[in-house]
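Data first, discussion second: the structure below is written as structure tokens.
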Amino acid sequence: MIPRFDFPWPSACHPHARQAEQGALAFAERHGLVPTAAYRSRLERTRYGWLAARCYPDADDVLLQLCADYFIWFFIVDDLFVDRVDTLSERTIPNLTAMIDVLDHHRPGAEPVFGEHAWLDVCTRLRAYLSDEHFQRFAHGMRMWAATAGLQIANHLGADTVDVAPYETIRRHTSGTNPCLALADAAKHGPVTPAEYHSPPVQRLVLHANNVVCWSNDVQSLKMELNQPGQYWNMAAIYAHRGLSLQQAVDLVALRVRGEIASFQSLALTLEPHASRPLRGFVDGLRHWMRGYQDWVENDTLRYADAFIAEDADDTAVRT
């Protein structure tokens with residue numbers, strides 16, 4: 001049984017979720033991110049615009065659409081470059097390095113790969129919206145996503161999986177959660193200062209929020225991931241591989257998620273009374289992300305639905 005997660009703060013959703021959803025689908029079509037009609041149907045039932053609306057409920061309309069477009073791009077390329085394809089192919093390294101090059105050079109390569117122009121579009125708009133330093137917070141998270149994908153691939157190519165501790169290190173970066181959290185202040189009261197953002201207590205809050213999203217996803221996506229061809233080790237699967245039953249593994253991960261929620265809230269309540277208005281907004285934005293992701297899974301998306309495992313888990317036949 002897949003557990004539910006409760007939070008000591010309320011849900012929220014941007015009032016323009018439907019517009020963000022329509023805009024994200026149009027963005028994907030415009031940039032050639034939709035390989036087939038069946039894939040279009042998958043995107044429609046996944047509802048990435050609603051994820052943006054729940055995670056950034058107070059964003060202005062420009063940032064909301066930007067995040068919705070970024071989400072639909074990210075999930076598509078993450079599935080087709082890493083998760084739902086063969087563990088390693090001749091395209092893996094060129095695809096991932098092209099994404100880093102867009103960040104480093106701010107231009108497409110000589111022979112752009114699938115999704116590269118869409119990624120440049122997202123980055124160009126984010127650069128215009130954010131300060132240079134703020135954009136680099138986001139960019140660092142994306143560089144780490146592409147780089148740690150190599151560690152994730154190496155783990156799946158080995159004779160056995162690594163244990164949970166090194167898996168946690170890989171997971172917090174391959175998830176793509178950190179770049180999303182780096183935008184939490186932009187969606188509230190404006191950017192926190194570099195000193196605030198990089199301070200140990202604030203980075204500890206970011207770590208707790210990241211763990212909540214990643215580890216809860218590991219139980220919610222478990223059935224889908226166990227059927228993926230290239231990437232199938234997650235926290236629950238590793239615990240089960242080490243001797244627990246699958247349900248015991250799920251329950252243990254859920255217990256750890258609840259511990260992270262409690263630790264986040266305890267630290268946040270200590271920090272907030274003395275924080276600046278932007279920092280209070282950032283902390284609240286982290287709350288929106290944790291709760292918003294859970295509400296999206298429970299109410300909106302069919303990304304992890306049992307009914308679509310056979311259809312969605314394996315993208316090795318998708319041509320890009």
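Easy rule for this one: first residue shown is 1, then count along the chain.
Quick reminder: no glycine exception, Cβ is built from N, Cα and C everywhere.
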Motif 'DDXXXD motif' range according to Swiss-Prot, out of 36-41, 78-83, 114-119, 120-125:
78-83
Within the motif 'DDXXXD motif' (78-83) only, compute the mean pLDDT.
97
Taking the centroid of the Cβ atoms of Asn217, Ser221, Glu225 (Mg(2+) 3 site), which other same-chain residues have Cβ within 8 Å of it?
Asp218, Val219, Gln220, Leu222, Met224, Asn234, Tyr304
Packing count at Asn217 (Mg(2+) 3 binding site) (other Cβ atoms within 10 Å of its Cβ):
23
Proximal residue to Glu225 (Mg(2+) 3 binding site) among recorded positions Phe75, Asp78, Asp79, Asp83 (C-alpha distance):
Asp83
Could you state the CA-to-CA distance between Ser221 (Mg(2+) 3 binding site) and Asp83 (Mg(2+) 1 binding site) to the nearest Å?
12
DSSP-wise, what's the residue breakdown of the motif 'DDXXXD motif' (78-83) into helix, strand and coil?
6 helix, 0 strand, 0 coil
Where Phe75 (site 'Plays a critical role in the stabilization of intermediate cation') falls in three-state DSSP terms:
helix
